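Have a look at the structure below before the remarks.
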Amino acid sequence: MFQFHSTIERIAVIFALVGNVSLILLILKKSVSKLGNYKYLMVYISVFELAFAVLHGLTVPVIFTTDCMNFLVTRVDKTWFPKPILQVLNVLFCDMFGMSMSLFATHFIYRYMVLSRKKFLRKYDGRTICIMILFSILFGIVWGVFAWDTMQPFPEADRMLSEKFATQMNLTLDQIAYVGILFYYKDKLGNEQVHWPSVVGIGIQSFFIGISFFLIFYFGFKCYQQTRRLVSSQSNSSNNLQSQLFYALVFQTLIPICLMHVPASIVYGVAALNKSNDFFGQFLSLFICLYPALDPLPNFFIIKSYRKAVRDFFENIYRKLICRRKPIPISTSGSHNQAWKASNVSNISVHLS
């Protein structure tokens, strides 16, 4: 299981690196001037997804879930890092998981400001971009603090993870690093108890995720209304660009929602019912690794200038390949001389006549 996940995740990392680096180059080189400072927010998302992909490739985490537990597990023998560093990277991974939605929330807020023609953007556009970026970073810091406090290993989790994961993989707890939640545990008398730190932690994290979703849906709907008004009132290049940016952002947001947050909510819900199994964790692990690889794609297909640049790039490659393979006709010197003489004779006869 672990080897299969490691292979898929590292392949996904390669696609994520190629896709996001290509998108960054397109944003910086092929963006129309009307895009303005918004291109820096777009670059910010691509840089974030690059970092997420690299972290995924370096740690190759597996989500192990069974019964009432849900843990992000990394193996020391599968990475280049000692256990204490892996423990920090695990928390950082959870932090970036939660932070992803705040990035798109800030994008929708900024897009609404642009579409509604807010006057202060003309004067404070660059400052607004910085505030949006700082908001998502602050969101990530707060999320990370709660994750560090509520998802760290504890004795009951050590015991259950050792029995149900480490022993079956012929490992010891010293060979793995993990963070996660455990909804229930058994005390010394065998009575089932609620592990309240995990419950409080997942509650706080769900609250922050809920804020991000509210901002996305609220300002996304506002952007949709403004986009429809602009397109219906006049169909110029600027309005078409705003429409392309909006729909690219919508599809770009749907990818982490469908691949990460909806499956994660299902996994947490099943674990809270004490009905989870490893099947849910395996699929969630695979879905998460696909997120940074697939997320740049809507920009390539929807935004016209980027779509044209990608098409021209592949057309140039195709022409070069065809030119190299196309055979060059070779004519003998005798036939060439005969054709030259015949053409000259015909030209002279026409001239004399």
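Cβ coordinates come from backbone N, Cα and C, glycine included.
Annotated in TrEMBL:
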TRANSMEM  12-28  transmembrane segment
TRANSMEM  40-64  transmembrane segment
TRANSMEM  84-109  transmembrane segment
TRANSMEM  129-148  transmembrane segment
TRANSMEM  202-224  transmembrane segment
TRANSMEM  245-271  transmembrane segment
TRANSMEM  283-303  transmembrane segment
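Outside the transmembrane segment (84-109) by six or more residues, the chain places 41, 44-45, 48, 51-52, 55-56, 58-59, 61, 72, 74, 76, 132-133, 135-136, 139-140, 143-144, 147-148, 151-152, 177-179, 205, 208-209, 211-213, 215-216, 219-220, 223, 249, 252-253, 256-257, 260-261, 264, 288, 291 with a CB less than 8 A from a CB of the stretch.
Only sequence-distant pairs (6 or more apart) were considered; of these, at least three Cβ pairs between the transmembrane segment (40-64) and the transmembrane segment (283-303) are under 8 A, so the stretches are in contact.
Against the transmembrane segment (12-28), stretch 283-303 has more CB pairs under 8 A than any other of 129-148, 202-224, 245-271, 283-303.
Ranked by number of Cβ pairs under 8 Å to the transmembrane segment (245-271), the listed stretches 129-148, 202-224, 283-303 are led by 283-303.
Listed as Cβ neighbours of the transmembrane segment (283-303) (distance under 8 Å, sequence separation of 6 or more from its ends, same chain) are residues 5, 8-9, 12-13, 15-16, 19-20, 22-23, 26, 42, 45-46, 49-50, 52-53, 56, 61-63, 65, 97, 100, 244-245, 247-248, 251-252, 255-256, 259-260, 263-264, 267, 310.
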